[in-house]
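Each remark here refers to the structure printed beneath this line.
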Amino acid sequence: MYGLLISIGVILLILVIWMVYRIQTLISVAKGSDKKIATTSNKVNAFLMMVFLIGCGVLMFWYSIKEFDNYQMPIASEHGIITDRLFWITMAVTGFIFILTHILLFWFSYHYQYRDDRRAAYYPDNNKLEIIWTLVPAVVLTVLVVSGWKAWSDITAPAPEEAHVVEIMGYQFAWDIRYGGMDNTLGDYDYRLTNATNSRGIDFTDKNSFDDFPSQNVVIPKGEPVLFKIRARDVLHSVFAPHMRLKMDAVPGMPTRFWFVPNKTTEEMRAELGDEEFEYEIACTEVCGNGHFSMRKVIRVVEPDEYRTWLAEQTPFIKSNPDLVADLPADLKELAEIYINEE
Amino acid sequence: MAVANVSAHDVSNHDHHDHEHKDNFITKYIFSTDHKMIAKQYLISGMFWAFIGGFLSVLFRLQLGFPDMDLSFLRPLLGGWIDASGKLDPNFYLALVTMHGTIMVFFVLTAGLSGTFSNFLIPLQIGARDMASGFMNMLSYWFFFISGVIMFASLFLEKGPAAGGWVVYPPLSALEQAIPGSGLGMTLWLIAMTFFIASSLMGGINYITTVINLRTRGMSFSRLPLTIWAFFLTAVIGLLSFPVLFSAALLLVFDRSFGTSFYLSDIYIGGEALPNTGGSAVLYQHLFWFLGHPEVYIVLLPALGITSEIIATNSRKPIFGYKAMIISMLGITILSFVVWAHHMFVSGLNPFLGSIFMFLTLIIAVPSAVKVFNYLTTLWRGNLRFTPGMLFSIGLVSFFISGGLTGIFLGNSAIDIQLHDTYFVVAHFHLVMGSASFFGMMAGVYHWFPKMFGRMMDEKLGHVHFWLTFVGVYMVFFPMHYIGIAGFPRRYYSWTNFSFSDMYTDLNMFVSVAAIVTFVAQFIFIFNFFYSMYKGRKASPNPWQSNTLEWTTPIHPGHGNWPGEIPAVYRWPYDYSKPGAREDFIPQTVPLSATPESNLPHENKLVQLEKEIMAEEGDVLVANESKES
């Protein structure tokens, strides 16, 4: 019933528009106004240019200011402060050009609308002007690029020796976290060793893996460098920690990395935002299948002391599942037993 | 023999050609070798694909704007992709965004835009009877058609079409276990793209050859309209970059079907470890973006060329900085090949390489800026006629600025870390490449409709269409900047899983409503287009009082374009409002010697030269005629 009524309504609407259109066309033919150039519609369009400029300009400023706290995400890493500053500097520069060029575009459109009694200026070129607006953008861009390049080189420089290593492995559709244990060194892995009990494909013939342990969340200390070693098991994923201003693809067969210094603990951020539930999150930003939108992992940033306590409390893989080392050669197995039996 | 005669400048043969060769329905409308008919075929196909692509975007905007909506009413159309509770299937959501991207980038903005206007305008504006090879031109369209049929068929597969994003990065696109769309859907995608690439190459070779070889007398490169320069350079870019996409696709086919490991390495999926080792997923990205980035300019340059022509005509002013426009297009052409890796700053690429590409990327902003300033100066002190074509051109300049400026953020690798693959990117490329090119295409259709069909489109409907679309596009894509700065990732079925993105439901709803309104507004255009084709006002020979050659043809040009001799060209195409001239335009076919009142000092010197050449030409013509008889 509803469907019928709606379709009748739509048909009537179309008919009305159709009639108006026909009448309008006939009138313009009768008046001969279709031959003129400086018609009313030319004026209306010119006027609408100004309406658009002012209307949308006001809308943009109003919304940008009103929503600032919503879209401006708090920063929780040291390099994030730098990249955000670059972002807002670029925003200021481009915003200025954006507004200036749009005022010119719409103002010219309005002001130079067609008039029968005027003739356009014959102004084919001016090399001086061309040179000016080649050089000025070039210089501005150079400044922006050089500052961006400095930040980029610092961010992508090799991680400090003492950086806390966290391995993040992406798979459909979650992240697995691994720590190197007290020695901060991850054991080798080989994707062919992957199975139900060893989801990360850790190679337990490598002694470094004996104290490796898994974690439900990424736990990292505030104010100390952290190195994410990133890999993927099946398809491309991308580690995105928005508050840390951190993003790096996880590529099967090619380990990647990203190091940074978190500068606010989760607790501090909760207090700052007045949100007791707040958590730092990792999301996936490289399309990876139907669960792409659900690869959530929590990062917990804690004080360094708390971190060390936490680190000491963790249980290595082989301790929670001694079967993992059941097939090792005798000498290695003996060593593994020491880890397993350690209190 | 017919083709050779048509394209040759040998005029004397042409007259009897019209009589000996009668077109039937099939040779005239289907397997036509007339560039004008092929252009129309491309245009109609492009409009069909734009409708499909736009409709797909409405579907996923429904999901994003109204995540709780019961979509059961779509079940008659989408069948099993709507589950029992009325929700869109997440796999199909990915298929929708993938197909939307593929269709819009390749089928609408490459084939629909370049295919239509390069075919239509190159022979008409350079003064040629047809393309260099009319047969290859026809083949180009029909390869595109086959490609379209295959891509269209893939929409109806049980497991859905390709779903790994329009970039189809392996391993996702290589492994059927990873996503259902990587099965037969992806196979058809690759086959369709192979045909598409073949089609573009045949088209491109033709455009280049025609521009170089078939220009009429006097049509030197420095007198070519900017449209032709743009189409020419676009074809060059396409010719150099599409083969690389083909190689990327071919290696992907090998990986998918023949067990090679070009892109695959160390993969454990579906409970088993695959034997592939030593491949590199990043290699595919390099190959893909080696086309993918130039592709941006393949869709944008023709739009910029069309706009240059329309803005000059309707401002009644010469385009400002004709030479600077050409130089910046040349600059863009060259630079477009050395910036591809800026799509890969966080792909695991060597950071040093990243910094090189950052520098190269921001250099390309300079010629773009020059173009914008030249457009603005062209408007300055003009006498503007707001035809729909002109309005869409002004809209293009606005989008080109808005979207271009956000490119400065994304080209800066340090800033890109945060913005990469967020809605900021979506906003950026939809404005600068999607909407700008789309507006260029619209401008072109409104402007050259009289030449295509001999009738005018309705102006008022055009105005309504423009304003709804212009405001609509900004309402769709401007808010995405905020969403992007807030960190919302792309290609997400829903954002509620994360607390950082569990907001802006209102803004997303607004975007979706705006998208639907904009989509519906396009039906005004569809109506206007088909109605005017049959019932529009009859066009005059030169309705926009334009200078270029196409307006010297009859209102309904036949195959061969000019009934008699092809007119010669004596001046550049932008002599609008020249001081001293009676009218505010002087067509390219008017000799300098006929306009002593408006000639500039250096042109007066050319008059003498011109007279000598004309005398010589006259001798040759007389000689030819006497030989004939």
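Using N, Cα and C of the backbone, Cβ positions are placed for all residues, glycine too.
Among the features that TrEMBL reports, domain 'Cytochrome oxidase subunit I profile' is placed at B:25-594. According to TrEMBL, the transmembrane segment annotation covers B:42-64, B:92-117, B:138-157, B:188-214, B:226-254, B:296-312, B:324-346, B:352-377, B:389-411, B:423-446, B:466-489, B:509-531.
Residues 110, 114, 117-118, 121-122, 125-126, 168, 170, 173-174, 190, 193-194, 197, 200-201, 203-205, 207-208, 211, 260, 262-263, 284, 287-288, 290-292, 294-295, 297-298, 301-302, 304-306, 308-309, 319, 322, 325-326, 329-330, 332-333, 336-337 of the same chain, all 6+ positions outside the transmembrane segment (B:226-254), place their C-beta atoms under 8 angstroms from a C-beta of that stretch.
Here the transmembrane segment (B:423-446) sits against the transmembrane segment (B:92-117); at least 3 CB pairs are under 8 Å, leaving out pairs fewer than 6 apart in sequence. In this chain, the transmembrane segment (B:466-489) does not touch the transmembrane segment (B:92-117); fewer than three CB pairs sit within less than 8 A of each other, excluding pairs fewer than 6 residues apart. For the transmembrane segment (B:138-157), same-chain residues at least 6 beyond its ends with a Cβ under 8 Å from one of its own Cβ atoms are 31-33, 38, 41-42, 45, 49, 52, 99, 102-103, 107, 111, 115, 183-185, 188-189, 191-196, 198-200, 202-203, 206.
Note on the domain 'Cytochrome oxidase subunit I profile' (B:25-594): mean pLDDT across this stretch is 94.
Long-range contacts of the transmembrane segment (B:509-531) within the same chain, counting only residues at least 6 positions beyond its ends with a Cβ under 8 Å from a Cβ of the stretch, are 47, 50-51, 54-55, 57-58, 61-62, 64-66, 442, 445, 449, 457-458, 461-462, 464-465, 468-469, 472-473, 475-476, 479-480.
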